[in-house]
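Features reported for this protein in TrEMBL:
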TRANSMEM  16-36  transmembrane segment
TRANSMEM  48-68  transmembrane segment
TRANSMEM  74-99  transmembrane segment
TRANSMEM  106-127  transmembrane segment
TRANSMEM  139-160  transmembrane segment
TRANSMEM  172-191  transmembrane segment
TRANSMEM  197-218  transmembrane segment
Amino acid sequence: MIPFALDSVHSICCNGAGLAGNVFAFVLFISPLPTFRRIMRNRSTEQFSGLPYIYSLLNCLICLWYGSPIISPGIILVATVNSVGAVFQFTYVCIFIVYADKVKKFKMLGLLIGVVCTYAIIIFASLKLFNDPSRKLFVGYLSVASLISMFASPLFIMNLVIRTKSVEFMPFYLSLSTFLMSVSFFVYGILKDDAFIYVPNGIGTLLGTAQLGLYAYYSRSSQEDSREPLIVHIRE
């Protein structure tokens, strides 16, 4: 009776952490909507770059494949969050291609084809060249490498915040959602005893903590600066 109760609690905690991660990830997926509303309204991509959405699409596809029952039975919530993410990123890329100038359009189209071909090669190689145990290791290492490469973006933003001493380019709710999503999937990975989930999300949790710490420090500094006498700004 007691082991059954413990299994039930463990299952509830796993599902709770995984569902929470899906919810917080959804907030991240919809965060570029204002940018793409602007692109569609102005019928131009202006100075925006489409590369982050290409990288995110490939990352979601690799992690979707890792979370699929074929590769990793029992972690379906990893597959669901990345399937939703792949749809969003693919939509963003398509919108970018439609409104980009000719040079950007062909570049983005080529990159999109490259992502699809890369994903097809990964699926083919994992199914044909590896057996069950090594297949999970192969796709798992790819997913970890893909997730860690995505950390370049928050590191760049953190460096920008430190150099400019401003949190203008690091929205609080986006940083908070990133932190909560990483924590949720870190817990999910721990409960599932899956290092390919908890290691990258553990790193994401540390980066999220650092982002929130920077936000608290520099937003406080900005508020203190805004309370300085007006005469100081006039002399400048």
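In case you wondered, yes, glycine gets a Cβ from its N, Cα and C as well.
The recorded stretches the transmembrane segment (172-191) and the transmembrane segment (16-36) share 3+ CB pairs below 8 A when only pairs 6 or more apart in sequence are counted, and are therefore in contact. Of the Cβ pairs linking the transmembrane segment (139-160) with the transmembrane segment (74-99) and spaced 6 or more residues apart, fewer than 3 are under 8 Å, so the two regions do not touch. Sequence-distant contacts of the transmembrane segment (48-68) (same chain, six or more residues past either end, CB-CB distance under 8 Å): 32, 35, 39, 75-80, 82-83, 85-86, 89-90, 92-93, 96-97, 100, 104, 108, 111-112, 115, 118-119, 122-123, 126, 136, 139-140, 142-143, 146-147, 149-150, 153, 196.
When the stretches 16-36, 74-99, 197-218 are ranked by Cβ pairs under 8 Å to the transmembrane segment (106-127), first place goes to 74-99.
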